[in-house]
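Undergrad: According to Swiss-Prot, the domain 'Tyrosine-protein phosphatase' annotation covers 1-110, on the basis of sequence analysis. Under the heading substrate binding site, Swiss-Prot lists 80.
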């Protein structure tokens, strides 16, 4: 599908309960380390932490397709319950998502 951008707007835990499974190499993984998920090899190549979101860059590879670079933008300021009180950060995050998605790439996965 030529997806180049994944957006995540939930945290892994909500009220200390698992809400989302981590589908990328862990934060304790050193950049450049690779983990296998089914047929896919995922290498974490870059992590940038900002006030209210994290940008992770991965190389995805399997034996049947060319390697691809995928960027994940993870909004980390969503409250456990309800919605953000101030939309400013969320709107800024949306702008960052749009800017991060390369031209002529496939759909953004949310």
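Backbone N, Cα and C define each Cβ position, glycine as well.
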Undergrad: When you measure from the Cβ of the residue listed as 'substrate binding site', which residues in the chain that are at least 6 apart have a Cβ under 8 Å away?
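TA: Within the chain, the residue listed as 'substrate binding site' has Cβ neighbours under 8 Å at 14, 15.
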Undergrad: By DSSP, how many residues in the domain 'Tyrosine-protein phosphatase' (1-110) are helix, how many strand, and how many coil?
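TA: Going through the domain 'Tyrosine-protein phosphatase' (1-110) residue by residue, I get 14 helix, 40 strand, 56 coil.
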